Amino acid sequence: MISSRSLAYQVLLHLNRKVSHPDRLIRAMLERHSRLDERDRALLTELVYGVLRWQGRLDWHIDQLSKIKPKKIDPEVRILLRLALYQILLLDRIPPHAAVNETVKLAKATQPPHLVGFVNALLREALRRENAWNWPPEEKDPAAFLAVTTSHPLWFVQKCLKELGPEETRALCLANNAIAPMALRVNTLRTSTSEVIQALRGRGIEADPSPLLPHAVRVSGFRQDISRLPLFQEGWVQVQDEASQLVSLLVSPRPGERVLDLCSGFGGKSTHLGILMKNEGEILAVDQSAWKLEELRRNAERQGVGIVKILANDVLELNPGKTGEFDRVLLDAPCSGFGALRRKPDIKWRRHLKDPYRFSQLQKKLLDQASSFVKKGGVLVYATCTFFAEEDEGVAGYFADGHPGWNVEPAGNFLPESCGAMVEGDFFKSWPHRHGLDGFFGARWRRGG
Ligand SMILES: C[S@@+](CC[C@H](N)C(=O)[O-])C[C@H]1O[C@@H](n2cnc3c(N)ncnc32)[C@H](O)[C@@H]1O
């Protein structure tokens with residue numbers, strides 16, 4: 001039978017060739033290989049995410065060990081090496097020799113003999129080193145040291161050092177590498193928090209109420225596909241970080257209102273808004289990606305949220321003449337996504353220093369556009385899943401300066417008291433290292449009447 005290592009190799013190869021969601025690729029693999037047992041299914045996920053999380057550091061090890069110039073290492077071979085070194089250097093539960101032997105087997109099946117020899121020699125040298133590495137000098141070059149040891153791009157660490165200082169940068173980088181607990185949002189149209197916890201515990205799954213939100217549940221140590229559980233299929237829960245759930249609370253829609261969800265994606269927030277509205281009123285979910293909206297439609301159906309309509313459109317080409325005005329508008333803007341590195345570690349290798357600025361230019365345009373849909377006296381919420389100031393406070397400041405008729409409404413007035421630590425001035429801001437949640441930002445304004 002095919003091994004989880006070989007499947008992980010295929011997923012990582014695919015991701016290297018084309019930007020896609022690791023989760024989707026893993027799920028597709030698991031569907032195709034449905035006879036894989038739970039241990040191997042879990043190992044596949046662990047290998048893919050582990051390699052993506054530690055890619056920078058694994059590449060540094062490869063470059064230290066390689067007898068040929070790093071640039072000359074074939075990308076497919078590099079992926080094989082990352083996969084093996086992750087198991088050897090960063091995973092406890094796989095004997096290092098087994099990792100080398102399995103990788104060499106995989107190399108034999110996919111590479112010409114001289115490359116198999118190269119893989120074999122490099123991995124055996126890694127075993128011989130026994131963790132004696134010449135790390136970049138911490139005192140002299142703290143940015144390089146942190147970048148390598150915590151596996152983040154150097155530019156990212158340098159930017160964080162400038163904006164947050166050394167202690168917070170270190171804590172943030174460490175938190176980004178943690179495996180985030182699974183957070184579920186309870187669908188109060190269908191069930192209650194205690195019923196969800198009971199159902200999960202009944203299956204031997206460790207589940208606890210969130211200390212932050214009454215309708216969220218934290219699940220620990222669960223490595224299987226939640227979408228296979230009846231409670232998911234019956235729409236009792238949605239997987240959603242608590243910080244992301246807080247954005248819908250910041251919108252605080254009421255039953256019967258008209259709400260516009262711009263950049264709705266798969267509808268994590270649209271369905272939450274519909275539940276907060278008790279399925280009364282209307283939500284228009286707009287995204288330029290038709291396939292994401294198709295998923296949103298299925299997601300809303302699963303959760304029994306019947307008030308969401310979908311529209312595939314570029315937000316910048318939409319106007320209130322077509323849609324009418326709304327009581328509340330949420331713009332969950334496209335962003336650099338650095339707040340979600342715990343769940344999407346691949347992002348750090350796809351972004352560049354200029355990206356936060358580049359995104360901020362688009363976000364300003366989208367926010368200007370979003371405001372034109374808000375009726376007088378209505379509410380506008382701007383959200384991102386990043387912590388870089390130019391995409392967060394910078395965009396909010398730009399909007400406030402250009403729209404004197406709008407009043408900022410302090411985020412603290414709309415979030416539960418338990419989330420007081422996530423209020424920064426007028427805004428909502430969560431951080432992985434400070435709050436143990438994904439990094440989100442939210443700002444709210446009311447349009448003058
Ligand atoms: C942060 S994600 C949205 C996440 C989603 N709101 C949720 O809660 O699951 C940003 C979304 O913006 C969409 N997008 C980016 N630029 C857009 C544009 N100009 N018009 C419409 N949608 C856009 C992307 O397709 C993506 O789904």
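Placement of Cβ uses the backbone N, Cα and C atoms for every residue, glycine included.
Mapped onto three states, the DSSP output places CYS385 (active site, nucleophile) in coil. Annotated active site, nucleophile per TrEMBL: CYS385, in sequence order.
According to TrEMBL, the S-adenosyl-L-methionine binding site annotation covers ASP287, ASP314, ASP332. In the three-state DSSP reading, ASP314 (S-adenosyl-L-methionine binding site) counts as coil.
Here TrEMBL flags 172-448 as domain 'SAM-dependent MTase RsmB/NOP-type'. Averaged across the domain 'SAM-dependent MTase RsmB/NOP-type' (172-448), the predicted model reaches a pLDDT of 97.
For the pair ASP287 (S-adenosyl-L-methionine binding site) and CYS385 (active site, nucleophile), the C-alpha distance works out to 17 angstrom.
Surrounding the centroid of the Cβ atoms of ASP287, ASP314, ASP332, where the record places S-adenosyl-L-methionine, the chain contributes additional residues within 8 Å, namely LEU262, CYS263, SER264, GLY265, VAL286, GLN288, SER289, ASN313, VAL315, PRO334. The binding-site residues listed here are ASP314, ASP332; among them, ASP332 has the most other Cβ atoms within 10 Å of its own Cβ. Taking Cβ-Cβ distances under 8 Å and a sequence separation of 6 or more, the neighbours of CYS385 (active site, nucleophile) in its chain are ALA243, SER244, CYS335, GLY337, PHE338, GLY339, ALA340, ASP438, GLY439, PHE440, PHE441.
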